[in-house]
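This report concerns only the one structure given below.
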Amino acid sequence: MKKLTALFNLPELKNDIELHNMVLDSRKVKAGDLFVAIKGHQVDGNQFIDSALHSGASAVVSETELSSEHLTVAFIRNVPVVKYYQLARHLSSLADVFYDSPSKNLTLVGVTGTNGKTTISQLLAQWAELLGHRAAVMGTIGNGLLGQIVEAKNTTGSAVEIQSSLSTFKHAGADFTSIEVSSHGLAQHRVEALHFKAAIFTNLTRDHLDYHQSMENYAAAKKRLFTELDTQIKVINADDEIGYQWLTELPDAIAVSMNADFKVGSHQWMKAINIHYHFKGADITFESSWGNGVLHSPLIGAFNVSNLLLVMTTLLSFGYPLENLLATAKSLKGVCGRMEMIQYPNKPIVIVDYAHTPDALEKALIAAREHCQGELWCIFGCGGDRDRGKRPLMAQVAEQFAEKIIVTKDNPRTEPQSQIEADIVAGFKNMEKVGIIPDRAQAIQFAIESAVENDVILIAGKGHEHYQIIGSEVVHFSDQEIALDFLK
């Protein structure tokens, strides 16, 4: 419980009020809660104050656009309503106070970048547990203690959800948490008051331009984690163009590279000298500030080499011995829907991956090629009501790296599938190796029944998701389940 005066020291509040939780959704308010009414992109929480009061809210903090109204108090049915100027921007700080600064009592690692956030955050949590910690994770797949993850709505939750979840993890015994930090979460100040032991930058490629409008805005949002927030250790992928630039601006950042010729300029660094890819993963010979060695990766694909090096570097920067990390690495496991391989005897190999940007699709196809002795198939679509500009770029990537391509549904949402397909098809030079099968299950069935034993089929775009959004309806759908049905 938290007293209202601990948040707002106001003389009008003569009788202090004990509060149970901070709640943003009026439908979830219970007796004793503080209802937070912020002006979001689609909904203004101030419209739901009456509903929250009916549900038993003990107090309300309400966003105002007038600085003159800041911390003024009105009473509705004897319930205090505190006006707060720029509430959304300061909500992380208020929630930090309300939940007793949980990130100060955890080792918190933030992971940002276009691709790799989920894999890295999951690997961090796995490795931390192998080193004796109780770890939790927050991100695209879900939130919770490792092994008890509950599905999440967004990659980065609301400022209140984040602080509340960290508090829950702490009280459940967690001492280590990795969190995916999206560009939306940074731009909307949802992680503002968190105390990061470290932050990792993976890469920056085209995504979310429907929201950010330009790559410059997108990069600026990501950069805030390293320049404006409370971040102690900065670990950056030097092979990314933006990452390399940031390393020149952040002298204390740690550089990580897969390039043996990388010229070290940072005071701490990690680089791969030789990488041997094989059917079960990769053997990575590396040099670093902490010593040299060979890391045996159980994950497939070159981009997972980068992911693993970023994770190991972060843990080395925390002081874990190199030999302990190398000994425990073999126990790491792949992440659901991230280059997830499904194999049956005498059948084509199926790989399910979340790749839904041109760069991620290219990397997934290159990784799949490592395991392909026959033809490489690519099944993909693009989400509706989202960045249309990346659709022809996805087509160009598929045409360059795959022998057979099937364009299908992803999550069309409210946009006509025919429009999405037209945008994708505009990117192909010719349609000789391209088929269009809108029904995703039929597309997967056709590929599996047409491909032969040495072929590889990459099913891209949905990964861990077990649903499709068609119109406003969410229907059950799993790439893995469909693939298994037709492989058996």
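Just so you know, the numbers here start at 1 and follow the chain as drawn.
Glycine residues also receive a Cβ, built from the backbone N, Cα and C atoms like all the rest.
Computed from a predicted structure; not experimentally measured.
Among R386, R388, only R386 appears in Swiss-Prot as part of the meso-2,6-diaminopimelate site alongside D410, N411, P412, R413, G461, E465. Across all of the motif 'Meso-diaminopimelate recognition motif' (410-413), the predicted model scores a mean pLDDT of 97. You'll find the Cα of G116 (ATP binding site) roughly 14 Å from the Cα of G461 (meso-2,6-diaminopimelate binding site). The Cβ neighbour count for N115 (ATP binding site), using a 10 Å radius over every protein chain in view, is 25. Those residues of the chain, other than R386, D410, N411, P412, R413, G461, E465, with a C-beta within 8 angstroms of the mean position of the meso-2,6-diaminopimelate site C-beta atoms are H356, G381, C382, G383, G384, K409, K462, Q468, I469. Taking the Cα atom of each, T119 (ATP binding site) and D410 (meso-2,6-diaminopimelate binding site) are about 21 angstrom apart. For R413 (meso-2,6-diaminopimelate binding site) paired with G113 (ATP binding site), the C-alpha to C-alpha distance reads 25 Å. In sequence order, G337, Y354, F477, S478 are the residues near E465 (meso-2,6-diaminopimelate binding site), counting only same-chain partners six or more apart with C-beta under 8 A.
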